[in-house]
Structures are given as structure tokens and as C-alpha cells.
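Trainee: Let me begin by handing over the structure; questions about it come next.
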Amino acid sequence: MAELEGLEFGKSDFVLLDEVTMEQFMENLKLRFEKGRIYTYIGEVVVSVNPYQQMDIYGKETIDAYRGRELYENPPHLYAVSDAAYKAMKRRAKDTCIVISGESGAGKTEASKYIMQYIAAITNPSQRKEVESVKNVLLKSNCVLEAFGNAKTNRNDNSSRFGKYMDINFNFNGDPTGGHINNYLLEKSRVVHQQEGERNFHSFYQLLRGGSQDMLASFHLVNDPAVYTYTKEGAATATSNNDRSSHKAVMSALEVIGFTKEEINSIYQILASILLLGNMQFESDGESVQIQGLEAVNQISELTDTEPDSVSKTLLYRTVATGGGEVIEKGHTEQEACFGRDAFAKALYERLFGWIVSRINSVIEVKDYNPVLHGKNTVIGVLDIYGFEIFDNNSFEQFCINYCNEKLQQLFIELILRQEQGEYQREGITWQHIDYFNNQIIVDLVEQSHKGIISILDEACLTVGKVTDTVCLDSMDTKLAQHPHYTSRKLSPADKTMDFQKDFRIRHYAGDVTYSVEGFLDKNKDMLYQDFKRLMYNSANPVLKEMWPDGHLSITEVTKRPLTAATLFKNSIVALVDKLACKEPYYVRCIKPNEVKSPVLFDDARCEHQVAYLGLMENVMVRRAGFAYRQPYARFLQRYKMTCEYTWPNHLMASDREAVEAIVTQHGFQDDVAYGHTKLFVRTPRSLFTLEQERAALIPILVLFLQKVWRGALARLRCRRMRAIYAIMGCYKRYKVKAHFWEVERRFANVRTMADYGKTVEWPSPPAALSQFHNITVMLHRRWWARQIVKKLPPSNMLEVRAKVAALTALSGERKDWGVRRAWERDYLANVRDCPQTSSGFIRVSKELRNKDEYSQVLFSSFCRKVNRFNKSTDRGLLITDKYIYKLDPKKQNKVLKKLPLDVFTGLSVTSGVDQMVALHTSSQDDVLLCLQRGELCPNQDRVGELVGSLVDHFTRIRKVQLPVKVCCSAVQLHMRGKPKNITVETKPGQAHADFKKSRDGFVLLVPAN
């Protein structure tokens, strides 16, 4: 919590004054101003005194100190009321508005800028890009509107010469999503005339002093405001604004908002056209009027994209339709030409300003808003409108401005004073009535139908014939003679401060103002010749054409007479007041401490007058006697019921009022509240803040509880759904399993009678749960199918079948051809057809070896090419029995050269090609390398598969051990006498028979090319 101010700074809230007197009020206000405390509260109303200097109380640290705080937690500040309006909007989803009022130079425009900056600073903490874009446009629009709508007056260097009401739209998160700007009564007469010591609108001086040489040259301008009639009055006037830097800021702001380069160029072309129009002079020869120098006409024509002849004709003539429908051109007098020129310049600027506002609105308006999707759209309105004005010469503009202030004062009285007292009476709250001045009588004087000043002005404007301002004044004197707040020199002949047939006086709530009636009718008619409208509508510049939509009507088309300026302004102000009345208002009442813009001078009489007409004393009295907060019982209960055990979650009492009493009693606030018929009234904000603190502490607990309950509900819902899902899945899986079984049964019902026993029958795709079962079933069917085939084979063929199965398993499909499709003879050396010359001798040797070594079976025999211990290859005979492997010499009657027991062999290796090389590995690392040779039975038959199958089948079936078989894609590796060798296979053209050749790391088997 920020440290509060000490008593040396006076009372921070006028409600805390010991006695409510004007003397104490002014003493406290002056003390705080002198101590640098420019803000003071009246309850929730902020009284602001213009310090006329920059103050270090608007930085980021100050913003953080006021963010989310209650009003009384920190010293008074604009940020406090801004935060209160924002919280009311966000917490209660209620539209709010901040009404900034005070006379010209009291600091209203600066206050509105600080309020906008604060709202921008505290919103969009997540830095969403689209929200930041809206905030930037809202802030930059201030810069643009100040340039085109503000001017230096004798009272204020940056006086708003138009009224501005800005609605800022927020989404349910409290982030700005867009906005809308309404502008009221731009003082367009300032374009052509300014009082002594004042300037035209800032935009003209910013263009002339801040525009580049190239830019000014393209617009036919020079950088000296004194050259131009419309700006020379303020050319030498001192001001605190830097026109050069302001021009750069405005150009940048226009780009940020979204104006195109063409649109920006068009804006400054229009400003240049207005300046050139002001310098245009007319001369008369007695019969006709001419323009002095046609160069200006050509320049204006170029800048407005119109024809020079059309520009000249429009300035010198006006088109008139006669009663018979005939169209004639009537030449202007010199005076009429000057009037038309000035009216055209004023209308150009007014249309330009209105177009800029509408262009900004098109950028910041809320787009694609859907309350169902985006939640409630709430609004904070900020009203910065011209203050009460009393000049030496008060004209039509001051009349309208002061009427506007009367309406706003009436709204303040309605909401703060009369409604407050009326509500206490309706609710039966004990109350001491406070007298206050009700300015409804002054409002009626201006706006009442048939009797009010505006009605009299409109009647004079509509009267056929020559009606002058003096005639209008006489009409007002006649109809308003008995009104207590109206007078004139005719009604008060002794009052020499007014002139006959010129002045009238209204006793406003802020003081007496004397108005000069001269020009009232012309300004009220707001007359502009139709020719100018058609000229701009026919421009080739699309921006200008868009500004003048009413220019499409021809002179002969009958149009309804437009409403007068005063009536249009009255209607817009009534609509504004209605708009403010439906929102929860927060007030900033600005006070001007002196007339010389001094940061130290406090003019007691001047300030006391403002305090009086702003109704601040009455506001203090009502606030002291009243209650700071009131709420219907149901809404109060809904918000704070969680702070009391008797009302949470729902009470069982007879009425909501009893439940509210239980909450108040539990917190000990009985002496600080009053009970109305339908509402609870709380006297001090501190009691409410205590409730808010306790509620804020309980909300996270309740949220966690609700989250727990909701998460539990969601978990149970998910659990029920999962159980249902698993039940459905279980049933579906069972169905899929059964369906698979039924389909298998259907497809394989007749396999026993099929020729191929169902080999060609396609298996159905199994469900995932049966994938392993499916594989087993397929294997079982294959085995059954094999069994059916094998059953038909004679017993004599079973040995060959087993050997082929063993070879198939051992080679695993890695060898291209292994003789599966031919009959295996096994004992090729004893076969007469394969070895007709040597078979008889081999049979004799075989019988001898059988008798000698007692082997029972020949597994394989064949001629081969073998590498001997001298690393040379020779022809040998290979005999493999169930006990030994014999190496025979066919040249010596098959003499046994070597006999190796079958037990020493640990595996064998073959290649993946069609060669007949075999490596028999031994446990002594003295492997046998050979290449099988084919006999005469079939020259191209493969015998490697037969050898592999015979050995593997024997080892597996008889010896019950596995014999590893390695199929090599490149080199075969083995050991000879313990040394590793690599055996490769090469094809050699011209090679007759396969043979081994020594290589660097082993041997190469050379095979014939074919």
C-alpha cells in the first residue's frame, strides 16, 4: 500500500473538512496547490487544479502504485478514478464514463490524455498483438485530433476547439478491442478569423513550419505563416508548442493509425488549398467581379483535382433555379464573393476534420463482434469537451459551448445531487435535505421548443425575406422579457455594459455572459452555395469526393431544407447526455488557478467563482451526509455471500435483506450501514474494501474447490466413458475373433478333399489380438499339408526328403540353386551311370572300409578338387559316412589318403553362387577346402545342397546336435594348419574346369565363364 499524505498537505478529501464552508474549502484547495498536490477528492470525484508545469507523477512507478488499488489507498490522482472506472467495468460488467469538465485552460485535454495512457498501460498484460494495435491507434488518435482540432487561445496554448467523446470497448478479459469517437461543433470560424493574440488551428502552422521544402513547393506554399491571410494573426504569437516536431509526430501517427500515403497527401493538399483560398482577392469594375491573378486558381485547381474554369466560375457565380425550373447563373458582388470564399474554406476544413474522425473510427471500430463467442462487450467513455468560455467578444460559438456546459452541469446535478437525494427518500433513509441550484431553467431558456433561443434563431432563419440579427434580437427580447436569466440593453436600459440592438446577456450557472448577436443568423444557417459542393464532388481526388456526398444533387432537385447549426448541435448534445446518463459516471472537475498561466499564482476570487459554479460545495455536503456505496440486496448478497458462513453457498433466511444483515453483523459494520427498502447503503469505502479484501482472499479457495469438484466430475465422466468404451471394445474384439474363426472355418472346410490340400487358399487377415494365433495356425496348416504330401511318399524316399528339408533350413534361401528339384543319389562314386569306369573299384574299396571301420551308411561320395597340405590342388575322391570322412586317391585305386572322424567337424561354409566349393571346418583349425566335381550323370547339377542336407540331417537326427552352415556372399573364411585363409570365387574365360589358385591371403577358385 502506498504511503498516504501527511496533514501538512491539507485534507486529501474535502469530505474530511472540519466544517463545510467556502473559506475552509478554498483554504484547503490553495494549500494543496501550493504544496504541489494538484488532485483532491470529493468522495469519488477528482478535483484537479491546472499546475501549468510538467510534474513527475505520471510515470510507470505511479501507474503500478495505483493499478488495482482502491481510491483511498493512495493519494488522490487521475489514475485512481481511471482505475475505479476500469474496475467497475470489469468486475460488474457495467458501462462507465469519465466526464472531464471545467472552463477553457483548466487542463481537461491533458487530463483525458493521462487517463487514456493509464488505461492503455494496465490492459493487455499478455501483449496480444491485435490488442496492442488497438491501443496504439487510440493513443495516436489524440495526437492527430489535437493537431486538427486544437488551437492557441488567449487562455490556453492547446485549447480544444471541438468537443470529443471517445468510447473504448473492452472484451470480457478487460482488454480494449476498439472504440468510437464522436466530435461536436468544431469552431470552423477560426479558420478565417482569430481574435488578437490567438492562432488558427495547429495543423496550419505545423504544415508551414514543419513541412519539408519539397513538400511545401509541391503545395505552392512557403514556410512563413505571416504570408497567408488565415494564419498571419497567429504567426508571431508565442506558444509552448513546437510546430516542427509536432508535424513529424502527426505524420507518424497518421501512418500508425493506417492512413495511406495518398490519403495523408490529400489531407495536406486540402490545408494548402485553404491557405491559398485565403489569399485570393477579388476586384470589381462596377458591373462584374474578377479574381486578382489566376495563378492561385490554377494552384487550387491542381491541389483539388478540379478544372481551373470550374474553380473560377464557382468562386464568381452561383447557380440559381427559378420557379419555372429554369437554371440561371448569378454573378457575385465583391462582398458575396469574399463571403463565399470564406464559407468554402470553413466548409473544407470542417469536412476534412469530420472525414479524419470517421477514418479513425473505421480503423478502431470493433469488428466481427459476436456476444455469444466473445462475451459481453463493455465500454468506458471519456468526455473531453470545451469548457465554459467568457471572452471580450462572445459569439455564436461561445453560445453553443456554454449551452453544452449547462447540459453537462445539469447531468452532474441530476446524477450527483438530485438523484442521490431522491434515492435516499425512495429508500426511506434518514436524510437532511441540501439546497442546490438547479440549472434546468437555463437549459430551458436555450433549448425549449417554440420559446427557447435556439427555436427563435431557427424561426428567424426560416422566415422569408430580409431578417437581420437585430430583428432576431428584438424577437428574443419580446419573447424572453420575463425570463429571470435573460436580459439585454433594451430590457435593462441602465446597463451600459451592453450595446443597443447588438448584445444580450444570459445568467449562466458559471456567471453572466454577454453575447454579440452579430453573425448569429449566418452562423446558424451555416450557408454554403451548392456550387462548391458540386465542385468538390466532381473532383478526381477520391478523398475529396468522399467528403462531399451531397454534391451529387443537381440544382433542380428539390431537397429538404437542412437543419440549422444550432439545432444539429442541440440534438448531438442531447444524444451525448443520454449516452452518459446510461453509464456509471466518474467525474474530474478541473479548475484554472489563474489567468496568466503561472505555476505559483493562486487567484482566490477566480477559483472561488469556479468552485461555486461547478457545484463542488453542494457535492461535498451531499457526500458528507450520504453514503459512498449502495447496492440492491440481491446483488450485494451475490457478491459477498462467500464471506459469511450463514449465507454460503445459499442462505435459508426469510429474505435477502436478512442474509445481508447477517454478513454485515459478522463483519461488525452495523454502525456504518443503513438498510433501505431494496438496497443496502454503506457510508465509507473502507468497509466495502474490507469485504473486497476478504472476498479476494476466498476466491482462490473457492476456485480450487470448484476446480476440484469439476475435475472430479470430469474424471468420473471420463471413467464411465472409458468403461463403456472398454465394454464395447471387448464385445467388438470377441465379435472380430469369432468372425475370424468363422471365416477360417468357411474357407478351409473342404481342404481334405482338395488336390493341393488348401495350399492355394488365401488366409483372411486376422484381428490384432489373433496375430500370434494366426501365425501358429498357418504353421500348423503347413505342417499338416506337408504331412499329407509326405504320407504319399514311399519309405525309400524319406531319407532324401529329410535331407532336402535339412538343406532348405540350413541354406535359408540364401543360395541360388542347391538341387532341390532333382533326385539325390548320394553315393555318386558307386553309381555306374555317373562313374562308369571307376564305380566297380570304388564299390570294392567301400566294402573293405565298411568291414574295417564298421560304418553303417554312406552319406555322400563324389569326386572333388582339393587343396593339399602343400597348398596345391589335386583331384581326390570324397567319401562321407556316418562315422568318418575319407580322402581317396582315384589314381591309385581309391587308396585312402586320410580319414577324419565325423566328430571333429564343427560346421561348413558355402558360397551363395552356383560354384561347388565347400569348406569343412574342424575343431583343430585345419579345415578341408574342396570343390565338388560333377560326373557324367548330369554335367551341370549342383551337389553342394545334397552334401549340406545329408550332413545336417545326420547331425540333427542321428547325433542330436546342430551343424552350423554359413552361406557367404563374398569370401569364404577358414583356417588351414591354424592360419586364416580367405577364399574367393572368380570367373575366368577359357577355364575348362574349376580349380584353386593361390592368392596373397588364401586362394581363388577359378570357375569357367559358362
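Backbone N, Cα and C define each Cβ position, glycine as well.
So TrEMBL lists these for the protein:
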BINDING   G102, E103, S104, G105, A106, G107, K108, T109  ATP binding site
DOMAIN    9-696  domain 'Myosin motor'
DOMAIN    813-1009  domain 'TH1'
REGION    573-595  region 'Actin-binding'
Trainee: Kindly state the mean pLDDT of the domain 'TH1' (813-1009) in the predicted structure.
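Mentor: It averages 90.
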Trainee: Within 10 Å of the Cβ of G107 (ATP binding site), how many other Cβ atoms can you find? Include all protein chains, please.
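Mentor: The answer is 24 other Cβ atoms.
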Trainee: Taking only same-chain residues 6+ apart in sequence, whose CB is under 8 Å from that of G105 (ATP binding site), what do you get?
Mentor: N50, T153, R155, N156, S159, G387, K592, K597
Trainee: Long-range same-chain neighbours of E103 (ATP binding site), Cβ under 8 Å, sequence gap at least 6?
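Mentor: Spatial neighbours, sequence-distant, of E103 (ATP binding site): G387, F388, E389, A510, C590, K592, Q610.
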Trainee: Counting by DSSP, what is the helix, strand and coil composition of the region 'Actin-binding' (573-595)?
Mentor: 9 helix, 8 strand, 6 coil
Trainee: If one looks at the chain holding K108 (ATP binding site), which residues at least 6 apart in sequence have a CB under 8 angstroms from its CB?
Mentor: I100, S101, G102, S160, D384, I385, G387, V588, C590
Trainee: Starting from the ATP site formed by G102, E103, S104, G105, A106, G107, K108, T109, give every other residue of that chain whose CB sits within 8 Å of the mean position of their CB atoms, in sequence order.
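Mentor: Here the non-site neighbours turn out to be N50, N156, S159, G387, C590, K592.
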Trainee: Any same-chain residues 6+ apart from T109 (ATP binding site) with CB under 8 Å of its CB? Would you list them in sequence order, or say none?
Mentor: E146, N150, N158, S159, S160, D384
Trainee: Taking the Cβ of each of the binding-site residues and counting other Cβ atoms inside 10 Å, which one has the highest number: S104, A106?
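Mentor: Most Cβ neighbours within 10 Å: A106.
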